[in-house]
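S.K.: Before anything else, here's the structure in question.
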């Protein structure tokens, strides 16, 4: 198939209010274009001054998504990977903080020849260079760039000016702006109001940018009359006003946009003439499984520190959707605030009533740790399927050391610097690290699985690669003692020094992992550990409390017998 010669740029902006779903829109459009045979990548530009979100509170930023190459990025990159089934990288997320840092570093090195460093041209030129970087280095047909924030925010202005200039540089056939807005429904008046969208476009016009396509979020589908009115007052044809009403699941958005012919409008405006018909049968089948599970429902408790803000666990929640579809069940998540178990009078048995699996979530710091440990003990002693991720695995280690091995003072040096029995300790190469940002063990690392373990059966192979984000690890001084008491170290680093996965002998499904499996779960390839965990919860819910998870639950075939994985 013939390919367009130039990389086409699509910029997605948002107006009226935040959290309209620019990330889902970008990912959905990317999926539609990829299904037509085009090579697509997506990147996110965030206007905040932080260099990256790695040190930001989950309450402010939500989940920090980690890429294979160790970038700490915005959670929207998770949507990009889940929808496109393509890896993102350090180059896929740019913050205004990183832009300013690059400009200041160049000034210190004398690259501006003593000139006055200003937003225009120096900051804008730096942004434009970054905008072209991924397009030049990747083999692409289309590059989609989501600009964070809302039109009218001061922080976003340099990004918008760079986009305006880039359109002049590349030409109107090579750069397109899609503006996402809100058309609210006023119940008292029984009508939709277009004025917020009109004002949002007016503010965008003030920056010198005329949107090429409007996507209008709404509670209900837009009528033709509403589309015509919006187009009339925003300088657009009716066909360039796309409706996007509320969906039962975010995975229904690509199908809705396909019905609205967004991809066709984009192809026409960018002059892309060679493409195939979209192939999304697998996506439609997945959505049907999500909406209409054949085998009922399972409830999984997620015990964490940030449960008041579910976006802190975005990839975990989406992994449950993927795994639920594979197992033909709906996964209902019951959030449990880990600090609740530390309060007097808390009844863990009541909190875990009708729960079929427990996931102890990742996090940092000592708040709520004893609560997590209490819930883990309940799951271990009652044969409830358990999955601990990162901090969850470390808490499981502490619980086992205290209550099975008799190490009453077992703890992590993260929570108690002078603890007498540090079963979890700071990694050796971290002990001299003083800076916080970007200094953890980050990115993808290999792990070797022990034969005939739960992990080995779930993955169906012996060598895996998973993404990490941590400073602390299992202390090998206690390895022999815990192993003698029934803990199984089913996954380690290739040299055997780092414990990556723990299991407990005799428990039907108890797995703790130092890495973050949720970062690699996809619509087309649900993560094996989540699939196995949900399968175990399903068996527990339906009365098979002595489940032994078998690899044929996944379409992976027989476990491989080589380290090549």
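Yeah, the Cβs are placed from backbone N, Cα and C, and that goes for glycine too.
As listed in Swiss-Prot for this protein:
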| type | residues | note |
| --- | --- | --- |
| ACT_SITE | 390 | active site, nucleophile |
| ACT_SITE | 516 | active site |
| ACT_SITE | 518 | active site |
| BINDING | 18, 193, 194, 195, 196, 197, 198, 229 | UTP binding site |
| BINDING | 19, 20, 21, 22, 23, 24, 76 | ATP binding site |
| DOMAIN | 299-543 | domain 'Glutamine amidotransferase type-1' |
| REGION | 1-272 | region 'Amidoligase domain' |
S.K.: If you count CB neighbours within 10 Å, which one among the binding-site residues 19, 194, 197, 198 has the smallest count?
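M.R.: Candidates: the binding-site residues 19, 194, 197, 198. Fewest Cβ atoms within 10 Å: 19.
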S.K.: Specify the nearest of the binding-site residues 76, 194, 198 to residue 516 (active site), where nearness means the distance between Cα atoms.
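M.R.: Sorting the binding-site residues by distance from residue 516 (active site), the top entry is 76.
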S.K.: For the domain 'Glutamine amidotransferase type-1' (299-543), what's the model's average pLDDT?
M.R.: 94
S.K.: What's the longest C-alpha separation between any two of 18, 193, 194, 195, 196, 197, 198, 229, the listed UTP-binding residues, in angstrom?
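M.R.: Farthest-apart Cα atoms in 18, 193, 194, 195, 196, 197, 198, 229 are separated by 23 Å.
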S.K.: Looking at the recorded positions 194, 195, 198, 518, whose Cα is closest in space to that of residue 76 (ATP binding site)?
M.R.: 518
S.K.: Long-range same-chain neighbours of residue 20 (ATP binding site), Cβ under 8 Å, sequence gap at least 6?
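M.R.: Correct list: 14, 180, 181, 182, 217.
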S.K.: Measuring Cα to Cα across 19, 20, 21, 22, 23, 24, 76, which the record gives as the ATP binders, how far apart are the two most distant ones in Å?
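M.R.: Among the residues the record ties to ATP, max Cα distance equals 12 Å.
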S.K.: Inside 8 A of the center formed by the CB atoms of 19, 20, 21, 22, 23, 24, 76, which other residues of the chain have their CB, for the recorded ATP site?
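M.R.: After dropping the recorded site residues, what remains is 14, 25, 26, 79, 146, 180.
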S.K.: Enumerate same-chain residues with a sequence separation of six or more from residue 21 (ATP binding site) and a Cβ-Cβ distance below 8 A; give 'none' if the list is empty.
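M.R.: Counting only residues 6 or more apart in sequence, the Cβ neighbours of residue 21 (ATP binding site) under 8 Å are 180, 217, 244, 250, 253.
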S.K.: How many Å separate the Cα atoms of residue 23 (ATP binding site) and residue 518 (active site)?
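M.R.: Approximately 18 Å lies between the Cα of residue 23 (ATP binding site) and that of residue 518 (active site).
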S.K.: State the Cα to Cα distance, in Å, between residue 19 (ATP binding site) and residue 197 (UTP binding site), rounded to an integer.
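M.R.: Pair distance, Cα basis, whole Å: 15 Å.
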S.K.: Please work out the number of neighbouring Cβ atoms within 10 Å of the Cβ of residue 18 (UTP binding site), leaving out its own Cβ.
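M.R.: A 10 Å sphere around the Cβ of residue 18 (UTP binding site) contains 11 other Cβ atoms.
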S.K.: Roughly how many Å separate the Cα of residue 196 (UTP binding site) from that of residue 22 (ATP binding site), to the nearest whole number?
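M.R.: Just about 17 Å between their Cα atoms.
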